[in-house]
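Beneath this line is the structure, given in structure tokens, with notes to follow.
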């Protein structure tokens, strides 16, 4: 009988992966990439959808009207069936068939190049696009509570992979949708996938980073992925749409999503159910906690400011600054860059200076920045307010996300799916209310007053963050508190040990042995 051949050496890549699966850093990589792709898809449609809808609908109107037009120009005495319309997207005056030739009748004084003439058209198109953009946040708002309860039952791995699958389908649908209805469905489907990815991803980070300082840093890095996606999504979409075509940016994102799915399969292994070992606190109980409500309100109102700017600032720039098209997207670039800096910087600094103080200062800066936006007379005047806005929102987000996990550890059961569902609901409420109501408020009282309303709201809410300075704990958890600084509790391992990640049969056996 020939001797048995010993197994060959394990490939270095698989050996590294097997050793690294228990590392929280790989979990952070997975969550970072998931949030990056989700928010790239969130913003890549911003420059594409309005231009695509206008082009297709305007060309369709032209093709249906053109055959009925006579060869000769209509007499000057007849009212033209159409008039010159300003293109929101091309920033030039578009002469629609049937318009009156130059010189046939008196015309109003010429507007500077790039200034709109079709205010009614811009208003109608802005409302439709705003509703399409808000559909994602509205759907995500409705799905989040169910996802939070699901993660408590089956763990974070499978919901995370479900989120990837839905986002991939939404991306492919965006690539091949040619009507407003299909684009609306794709955007709503993205909201479902985002709910799974965000709630499961943030809950997973909170469960593997039990040290409070490390958790704050990890949340800051993960939110940096969100900021990076917002930063590069819109420029990437506009360049690809301009030079390659509508489907190209979505197909590239679909390919990147497949790579993210392969990464999840290798690291998370979403093939088994791994429920939480302890029963989660019901959502109704968490919603009655005033400290969680204060933190959720800070997330909602601070993000509502930038959400209201998205549909209203470009049109206000066109009407008051006669801005060309490239400036409409570049106006948000300072906010994206400063948000990326703020989330990474204050993920560490907020622990030292106090997260409550960081959040309170951040909300005050948000309010002041919003009040300064209407004072700008050109795009350069928007750099300061928008940069301050993004930096301040980064301060609030990087502080409030760890506080959510801290409050659950301090006052409830250390199971994080439900509380991060509440955090995501607060975030989505800001981005649902903002785009859907901002245009209507501007139409009623004007853009400057909209900024005054949301700016004063943030300034008035900021002092409530003082309540998070030293939240009381339940009696059985008093031992967790640090006497020097309550917001710097070192570890929560007394309640739940950090186990190998992802969970394996050996880890379950170790738990039973410990018991």
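Just so it is clear, glycine is given a Cβ too, placed from its N, Cα and C backbone atoms.
What TrEMBL says about a protein is an automatic prediction, not a curated fact.
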Can you dig out which of the ranges 440-468, 469-497 TrEMBL describes as transmembrane segment?
440-468
Tell me whether the transmembrane segment (440-468) sits in contact with the transmembrane segment (361-383), defined here as at least 3 Cβ pairs under 8 Å among residues 6 or more apart in sequence.
yes
With Cβ-Cβ distances below 8 Å as the criterion, list the same-chain residues six or more beyond the ends of the transmembrane segment (291-309) that contact it, or say none.
332, 335, 359, 362-363, 366, 369-370, 373, 389-390, 392-393, 396-397, 400, 403-404, 407, 411, 419, 422-423, 425-427, 429-431, 433-435, 437-438, 441, 450, 454-455, 457-458, 461, 464-465, 467-468, 471
Average pLDDT across the domain 'Major facilitator superfamily (MFS) profile' (27-473)?
79
Residues of the same chain, at least six outside the transmembrane segment (361-383), with any C-beta under 8 angstroms of its C-beta?
298, 301-302, 305, 309, 313, 317, 320-321, 323, 327, 330-331, 334, 389, 391-396, 399, 447-448, 451-452, 454-459, 461-462, 465
For the transmembrane segment (389-408), which stretch among 192-209, 250-270, 415-434 has the most Cβ pairs under 8 A?
415-434
Leading contact stretch, 250-270, 329-349, 415-434 vs the transmembrane segment (192-209) - CB distance under 8 Å:
415-434
At a C-beta cut-off of under 8 Å, are there same-chain residues at least 6 beyond the transmembrane segment (415-434) that contact it? List them, or none.
134, 136-138, 140-141, 144-145, 147-152, 156, 195, 198-200, 202-203, 206-207, 276, 278-283, 286-287, 292, 295-297, 299-310, 400-401, 404-405, 407-408
Could you tell me what the rest of the chain brings near the transmembrane segment (161-186), counting residues at least six beyond its ends with Cβ under 8 Å?
34, 37-38, 41, 45, 49, 53, 56, 128, 132, 135, 192-198, 200-201, 246-247, 250-251, 253-254, 257-258, 260-261, 264-265, 268, 270
